[in-house]
Amino acid sequence: DLLWSMPFKRSQLYITKWLFGICNIAAVVVLNWGLFAIMKKVTFHNKYQVFSPFHSYFIYMLIVLIAIYTLALCIGTIAGNVISQGFLTAAILIFPALLPSLISGVIAVHSNTEFHKDNALIHNVMENIRISSPAEEFTISFNYDPQNAYTDKDGVRHNEPNFTKIPPAKTLIAPIAHIIILLSLGIYLYARSVNERNGNYLLYPKLQKVVMACAIFFGGTVGGLMLSGAQSLPSFYIGFLVTSLIMYFFLPKILKWKVSWNFK
């Protein structure tokens, strides 16, 4: 492999990959930033909207995208092929959004409590640690009728009714922390990667067992909640067992697949 034959340390190769990726992300974001500014300037939007919220939006998006890329690159140090890398990255990104519903559903089906009462607190906690949370909570809205001036509830008239919601800067702590932690972890793992297992689903057999156990457990939980509707305890366990058995039978076969790319 040409990459490994170069006279560089693995940590240097990994940092180079990371820098190359974030430079491309930054270039695309800046390009869109400029094109959006031009579009606003030369269209009717310039008369009714202000551009200042979009400065914050593109900064937030830049940080979030770099965090997501850092996560994907870190996952690549334990994944044996691009398919497993993409699947695991997507699963880790989606999992924090689904976890509050899973926990609340299990609590509801075992205690006969209202689903939404348990969901709110867990959801708020996960919001603070999710990588994509700042971008998801960011909304820009100009609800304006050019033929009529806007009057707010206090009787003040506005020419630019701006209903933009910009998350506080502290929400960026989560993606920035993910960047720092995942970059350090990625460098550590990349320097110790097992190249002879390239093409397998995961590079580390012990980690593969952990992933399989987690997938079976959470997959069974989803199956149980879908069958019971968070209301019937027997239905929950029937769905849990059936789904878990199905995943236990098929998942090891999937994890044994080896992907190779032969271009001739």
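Glycine is treated like the rest: Cβ placed from N, Cα and C.
Quick caveat, the model's predicted, so the values are computed rather than measured.
If you check TrEMBL, you get these features:
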- 18-38: transmembrane segment (TRANSMEM)
- 58-80: transmembrane segment (TRANSMEM)
- 87-109: transmembrane segment (TRANSMEM)
- 172-190: transmembrane segment (TRANSMEM)
- 210-230: transmembrane segment (TRANSMEM)
- 236-255: transmembrane segment (TRANSMEM)
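The transmembrane segment (87-109) is in contact with the transmembrane segment (210-230), judged by 3+ CB-CB distances under 8 Å for residue pairs 6 or more apart in sequence.
Most Cβ pairs under 8 Å with the transmembrane segment (210-230) belong to 236-255, among the candidate stretches 18-38, 58-80, 236-255. If one looks beyond the transmembrane segment (18-38) by at least 6 residues along the same chain, the residues whose Cβ comes under 8 Å of a Cβ in the stretch are 51, 54, 58, 61-62, 65-66, 69-70, 73, 183, 186.
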